[in-house]
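Student: Here it is, the structure, as structure tokens.
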């Protein structure tokens, strides 16, 4: 039986998972693709740290040993980050080697450009593992929604922040306590900035939007807000109002325009996304024909992500066998037209503080009336011995323009402070 030889860049948690799955599932892989898979060469910074690698795998610090090896047909990029991964992948594609990657930062920033380079050189660029780890969401959108008109994609696509929010909600921990525990368990990096500021989720929403709507967005095209300024009071207040706060990424078509955002969101307790806890991810895809569908699973981790990488590898082997390499993973293309802010509306949760004296609520309701806004729920909680009151409000739907004006007026109100304004998801 013929053997397809692979190269790898990086041998961290996911890379080790790929090797483990190839070894443990050798018989099934051979049965499905009709070929043996063999990792020939792995590029690492410190070969001495990987002495447990199989004896038949060559460890090297030299990228050219993979690039110039004509036996290696597929290369798996798992070093992460944009540079030098981008330059490595460009050189591999120009050498007519297909590439499989889990690099969301790179794909979100340069995916279409790299896909075009792969097409020019009659090879493939595959990246199922770049979004939601072990959930095969990209291939599902490409194949199972090919004939449906997708209206919205939303979900919880960052396991670090979801773990933190789960602890804040269920155990009433502070943000700092939950983050520290996430780091101890390996769910958060030593520097968690990309996760907690929403940047990681934003990269994933760029890729999901590209597959769902054919639009090529940049991270500066839409609003991204993380959980790093979220406090325990708002988590508790949301719970008392019947909601759970989640970091939700959303992309939807509104009157022909596309609206994308990543932000802390109040999710009704009986909504499917409210039940997604700890490090798990979920993506909801709403199609015009099929309605709402939900895809749930581990969003990260060595073996779950390795499974998605292996899925891409086996797909590419089939392409090599049939001579069909050189077709883009996603061929759906549309011009990006941002939705009109006046067309985008949601209810909002407002967290306010104001002096606990008469006349302040009247002042607030007048500001709401000035921007033609109203509310469905309002809760006032005096802060003992401080003469200050916390006020939590659930508004009726506000357009983005109304919300901007409301924030402006509250900012100019001397005695009323707007601490947070979070979108409210409706069932």
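Placement of Cβ uses the backbone N, Cα and C atoms for every residue, glycine included.
Curation plays no part in TrEMBL annotations; they are all automatic predictions.
Bear in mind that the values here come from a model prediction, so they are computed numbers and not experimental data.
Heads up, here are the entries from TrEMBL:
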type: ACT_SITE; residues: 204; note: active site, proton donor
type: BINDING; residues: 9, 10, 11, 12, 13, 14, 15, 16; note: NADP(+) binding site
type: BINDING; residues: 104; note: NADPH binding site
type: BINDING; residues: 189; note: L-homoserine binding site
type: DOMAIN; residues: 349-423; note: domain 'ACT'
Student: How many whole Å apart are the CA atoms of residue 104 (NADPH binding site) and residue 13 (NADP(+) binding site)?
Tutor: 16
Student: Apart from 9, 10, 11, 12, 13, 14, 15, 16, which residues in this chain have a Cβ no more than 8 Å from the mean position of the Cβ atoms of those residues at the NADP(+) site?
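Tutor: Result: 8, 17, 18, 78, 79.
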Student: Drop a 10 Å sphere on every Cβ of the recorded positions 104, 204 and tell me which sphere holds the fewest other Cβ atoms.
Tutor: 104
Student: I want to verify one value. Collapsing DSSP to three states, which class is residue 14 (NADP(+) binding site)?
Tutor: helix
Student: Reported as an integer number of Å, what is the Cα distance between residue 10 (NADP(+) binding site) and the residue listed as 'active site, proton donor'?
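Tutor: Between the Cα atoms of residue 10 (NADP(+) binding site) and the residue listed as 'active site, proton donor', the distance comes to 21 Å.
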Student: With H, G and I counted as helix, E and B as strand and the rest as coil, say where DSSP puts the residue listed as 'active site, proton donor'.
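Tutor: The residue listed as 'active site, proton donor' sits in a helix per DSSP.
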Student: For the C-alpha pair, I'd like the distance in angstrom between residue 15 (NADP(+) binding site) and the residue listed as 'L-homoserine binding site', rounded off.
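Tutor: Between the Cα atoms of residue 15 (NADP(+) binding site) and the residue listed as 'L-homoserine binding site', the distance comes to 18 Å.
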Student: Give the distance between the Cα atoms of residue 16 (NADP(+) binding site) and residue 189 (L-homoserine binding site), rounded to the nearest whole Å.
Tutor: 19
Student: With H, G and I counted as helix, E and B as strand and the rest as coil, say where DSSP puts residue 9 (NADP(+) binding site).
Tutor: strand
Student: What are the helix, strand and coil residue counts for the domain 'ACT' (349-423) according to DSSP?
Tutor: 24 helix, 33 strand, 18 coil
Student: Rank the binding-site residues 10, 12, 15 by the number of other Cβ atoms within 10 Å of each Cβ and report the first-ranked residue.
Tutor: 15
